[in-house]
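What follows is a short report on a single structure.
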Amino acid sequence: MSSIKITFPDNSVKEFDAGVTTAEIAKSISISLAKKAVAGKVDGNFVDLNQPLKEDGSIEIITKDSNDGLVVLWRTAAQVLANALHELYPNMKFGMGDVTEHGFYFDTDNSESQVAETDFEKISQKMSEIIKANLPIERVEFSEEEALNLVSGDEYQEELVRDVANKNNGRVVAYKQGDFIDITDGVVLSSTGEVKIFKLLSVAGAYWKGASSNPMLQRIYGTAFYKQKDLDAELQRQKEARERDHRVIGNELDLFFVDPKVGAGLPYWMPNGATIRRVIERYIIDKEVAWGFQHVYTPVLANLNLYKQSGHWDHYREDMFPPMDMGDGEMLELRPMNCPSHIQVYNHHKRSYRELPLRIAELGMMHRYEKSGALTGLSRVREMTLNDGHDFIEPDHIEDEIKTLIKLMTEVYNDFDITDYRFRLSYRDPKNTEKYFDDDEMWEKSQSKLKAAMDDMGLEYFEAEGEAAFYGPKIDVQTKTALGGEETLSTIQLDFLLPERFDLKYIGADGEEHRPVMVHRGIVSTMERFTAYLTEMYKGAFPTWLAPHQVDIIPVKNDLHMDYVNDLSSKLRAHGIRVTVDDRNEKMGYKIRQAQVNKIPYTLVIGDEEVSNGTVTVRKYGEEKTNTMTKAEFKNLLFEDIENYSREK
């Protein structure tokens, strides 16, 4: 029998008989590894434990205690779910199953009746029966014709078979457990009995293949773990996530809403939400002006030719709204980006090196055609206002400008008490270069400049291929969300392309024309996404300087204490404090509880003693104790809180 060479993560090499499996390789290393092994990765591709290996390659043994080990478990649990549904609902049709960040799902279409969460008990019971039966899970291959015969009558599975066969030269990979066959090449465990701890979570709608033009299917979500304590921790995390969900808090605090009569992804900002947004906007404008940015206003509409020249029409068209034909040959486009507009600002005057760096900024409204299935509250919308800026600089000032922008970003993060983030250097995908501007020298030069700036500042970062913009590499700041995910909040992008496409120039110290470099930067993303992020981070309890209502004043008796309350509220409002007066005919305890429910930072109670002594009784949000102090003392406390961005000294 012929042999193959297997390379291990420590670069050691061993020979095995051709046809050896990952399970056998794991066992050859140690019995304990074999017990923990759930799959393998050969040359970076998943293989199941029993899949014969016929060629030389590098291998990684995937174990239960790894993230990849969880992925294999979740894929298997999704199959067990589909098998259970197949037994319970014989006429059910099946879309696709997959893993999520924290579990799995399977899409289904049941013409007889919709699956509800009340059905989860019987579905879970059937899953437990399949798990207890410990059915072996076998990898099988079919021709396209054979696979189509197996799934005949299920149009979703038929379409899936054709897609898979088209990618795999007419071959279709599937996994079989008992009589159930799942069309997938996603690697799974060796038997159903290895899925011991699972829970079904929710059911929602999802378009087939994510396209709104396709039928709406039911998506059943679940999660699974190898240990009960890990499932318990995940359920606690999800409970916390529900409590922090900005859509839930936004409704409770009346921050925003989306009206289906108006359109998906087009939020209305209610007074409370608008107040938070206004404070953020004023803060960011003042901060950027202090750092040398000049703010502008530019049109939300532009001639389509502007975006053809910039390259957005070629590279970004699917995320843009259709152009508007004005009937006279002019085509107008809702802008998806602000950079071409800021280039027009730069080009409006002849520029000198003495003006550089020229830093243009705007809170610019944009429109992007997000698919309806991707829209989420404020975090994914179709109309958004981006905190955007573009620096036009001399080429030999790149590293200095990058450092300046990173310092600005970290100062802003500090003011908002954002601490859990990391830097990502985002490069183009060298295996898929057609997605990007074709200039290898430019890419190498710009990527090295970003890396040098980060290294010089001593910042830790990780590198990611395929995450660059089409015109250049970037530094992304990946923030940890309160719900356990990660998203890009800030970005700094280096661009040699657009200055060339728009023929940007400046007169250098030598009196000659030179080409500037353009730096795209966004510090706090869009107002929509940043507000969603902060709402979840603060759990709706905004710091005093951001809170829509900063002080709630409650008179004990309206007929005796309102003059004092009105005088106090007027003086606080004169200093820009956002004050509410709760003079409703309700019990005192109820009004105090409502102030806590509304997460108002300071509640003041005014009764006979306070009026007589010129004092206020203060209760801070989240605290049971109260403090009585003079009005001047409270004013100083409040102002210091606001001026210090509510940070503890």
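Yeah, the Cβs are placed from backbone N, Cα and C, and that goes for glycine too.
Since we're looking at a predicted model, the values are computed, not measured.
Binding of Zn(2+) is attributed by Swiss-Prot to Cys339, His390, and within the candidate set His520, His549, His561, His575 the record adds His520 to that site. For the Zn(2+) site, the Cβ centre of Cys339, His390, His520 serves as reference, and the other residues of the chain with Cβ at most 8 Å from it are Met337, Asn338, His342, Ile343, Asp388, Gly389, Gln493, Asp495, Leu498, Met518, Val519, Arg521. Non-local contacts of His390 (Zn(2+) binding site) by the CB criterion (under 8 A, 6+ apart in sequence, same chain) comprise Asn338, Cys339, His342, Ile343, Tyr346, Arg359, Ile360, Ala361, Met518, Val519, His520, Arg521. In the three-state DSSP classification, Cys339 (Zn(2+) binding site) falls within a helix. In the three-state DSSP assignment, the secondary structure recorded for His520 (Zn(2+) binding site) is strand. All protein chains shown were included, and the count of other CB atoms within 10 Å of the CB of Cys339 (Zn(2+) binding site) stands at 23. Secondary structure by DSSP for the domain 'TGS' (1-63): 14 helix, 28 strand, 21 coil.
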